[in-house]
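Asker: I am attaching a structure below and will ask some questions about it afterwards.
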Amino acid sequence: MKEESILVKAGRKFNDYKGSMNPPVYHSSTILFPTYKDYLNAANGESIYDVINDGVARDYSYSNVGTPTVHYLSNALAEIEGSGQALIYPSGLFALTFAILTFAKAGSHVLIQDNSYYRLRRFAENELPKRGTEVTFYDPTQDITDLIQSNTSLIMIETPGSVTFEISNIEHIVKVAKEHKIVTVCDNSWATPLLFKPLDYGVDVALYAVTKYLAGHSDLVMGAIIAEGEIFKLLYESYKNYGVTIQSHDCYLAHRGLRTLYTRMKRHQNTAMEVAKWLEKHSKIKKVLYPALPFHPQHELWKSYFKGASGTFSIALDREYSCEELSCMVDHMKIFGIGASWGGCDSLILPIDRRSMSRSVMNSDYGGSFIRIFCGLEDPEDLISDLNAALARLPCLNTKTGR
């Protein structure tokens with residue numbers, strides 16, 4: 001079955017909910033059992049209720065480990081990934097920090113991409129040292145062999161990196177990690193399983209901000225982790241011990257969003273490519289940081305891993321503009337909203353202050369002010385027209401009026 005068909009059907013068993021096309025939303029804190037023995041068996045992963053179909057013995061004695069609605073979504077995510085088992089988390093950042101805390105203990109050392117999501121970097125800088133974990137931030141375009149220490153337990157990868165969108169040499173990182181028995185975790189939110197499957201390349205853990213493309217409608221916050229074998233068992237034990245709980249209604253919405261993922265991603269990619277090519281030719285743009293563009297320095301590496309590109313990229317303007325000037329540019333846009341997320345239906349734009357981001361890749365000679373762009377589902381010509389008008393407002397001589 002092709003991926004677009006799997007997306008529509010994944011995680012749903014019509015016979016389980018009396019022929020209804022859509023699974024019900026279960027609002028229940030308690031699971032009832034016919035006998036005490038049935039309860040004990042459920043706690044040991046042998047429930048009489050068939051709600052988890054990934055073949056792993058999971059506790060189903062109390063709904064803090066998930067209602068059927070939660071498990072329908074986790075089943076669907078594992079099906080789409082094509083391997084492994086899935087766990088659902090309250091947010092993408094929760095999933096990131098949870099993965100780190102599972103595999104990084106006091107006295108251990110972790111490697112994290114220099115251009116990772118800034119909230120992850122903040123967690124690594126502010127929280128991990130308190131727990132006795134040493135952190136090294138690495139350049140994703142360079143050889144990491146010399147950065148490995150005897151106590152390195154985890155390598156975090158992001159595909160591609162946040163804001164600057166560098167592509168990591170994933171096969172190199174995985175090879176080094178396996179030689180030293182180090183766990184690898186890949187944040188694959190930008191690509192989704194449609195464009196790249198981390199587990200197929202030997203990565204131990206695939207991680208997603210379901211908030212973004214997977215759910216796709218800007219109406220929930222959620223994360224997910226997919227792994228297999230002993231790695232999954234370690235994650236699952238921590239999952240139970242930390243008491244991670246997810247709301248059933250959010251899982252229903254995310255599961256519904258998955259069914260249109262293929263169509264949405266195709267639209268995001270086509271629109272982003274059209275907009276990016278137009279921006280490449282604009283006199284006020286020094287660089288377009290979108291690896292799908294043929295002239296991107298890592299285009300060939302990108303092609304070797306990814307089936308396509310999503311709708312999120314950055315641009316570097318021709319010079320550094322003041323905060324007031326950037327406000328003048330984006331405050332008056334008609335279609336693009338000013339927002340920190342991406343992956344929904346609506347296009348978003350956000351100036352990025354490089355000086356506030358303490359990472360070396362941001363110090364590279366990309367040009368002037370950074371702006372991140374997410375192309376939603378609107379018409380590409382309308383988006384180009386909106387961007388053209390916004391760029392025409394630079395430089396803003398009268399920032400009070402924006403004219």
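The backbone N, Cα and C atoms fix where each Cβ goes, and this holds for glycine too.
Grabbed the feature section from Swiss-Prot, which reads as follows:
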BINDING   TYR62, SER63, ASN64, GLY92, LEU93, ALA209, VAL210, THR211  pyridoxal 5'-phosphate binding site
MOD_RES   LYS212  N6-(pyridoxal phosphate)lysine
Asker: Where among the recorded positions LEU93, LYS212 do you find the Cβ with the fewest other Cβ atoms within 10 Å?
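Answerer: Lowest Cβ count within 10 Å among the recorded positions (LEU93, LYS212) is LEU93.
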Asker: According to DSSP, which kind of secondary structure is ALA209 (pyridoxal 5'-phosphate binding site) found in, if we only use helix, strand and coil?
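Answerer: Looking at the DSSP assignment, ALA209 (pyridoxal 5'-phosphate binding site) belongs to a strand.
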Asker: Can you give me the same-chain residues 6 or more apart in sequence from SER63 (pyridoxal 5'-phosphate binding site) with a CB-CB distance under 8 Å?
Answerer: TYR26, SER28, SER29, THR30, ILE31
Asker: Cα-Cα, whole number of Å: GLY92 (pyridoxal 5'-phosphate binding site) versus the residue listed as 'N6-(pyridoxal phosphate)lysine'?
Answerer: 9
Asker: Measure from the Cβ of TYR62 (pyridoxal 5'-phosphate binding site) and count the other Cβ atoms within 10 Å, all protein chains considered.
Answerer: 13
Asker: Rounded to the nearest Å, what's the C-alpha distance separating LEU93 (pyridoxal 5'-phosphate binding site) and the residue listed as 'N6-(pyridoxal phosphate)lysine'? Just drop the number here, would you?
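Answerer: That comes out at 12 Å between the alpha carbons.
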Asker: Taking the residues the record says bind pyridoxal 5'-phosphate (TYR62, SER63, ASN64, GLY92, LEU93, ALA209, VAL210, THR211), how far apart in Å are the two Cα atoms that sit farthest from each other?
Answerer: 26
Asker: What same-chain residues, at least 6 away in sequence, bring their CB to under 8 Å of the CB of ASN64 (pyridoxal 5'-phosphate binding site)?
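Answerer: Listed in sequence order: SER29, GLY243, THR245.
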Asker: Relative to the Cβ position of THR211 (pyridoxal 5'-phosphate binding site), how many further Cβ atoms are located within 10 Å?
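Answerer: Its Cβ shell of radius 10 Å holds 25 other Cβ atoms.
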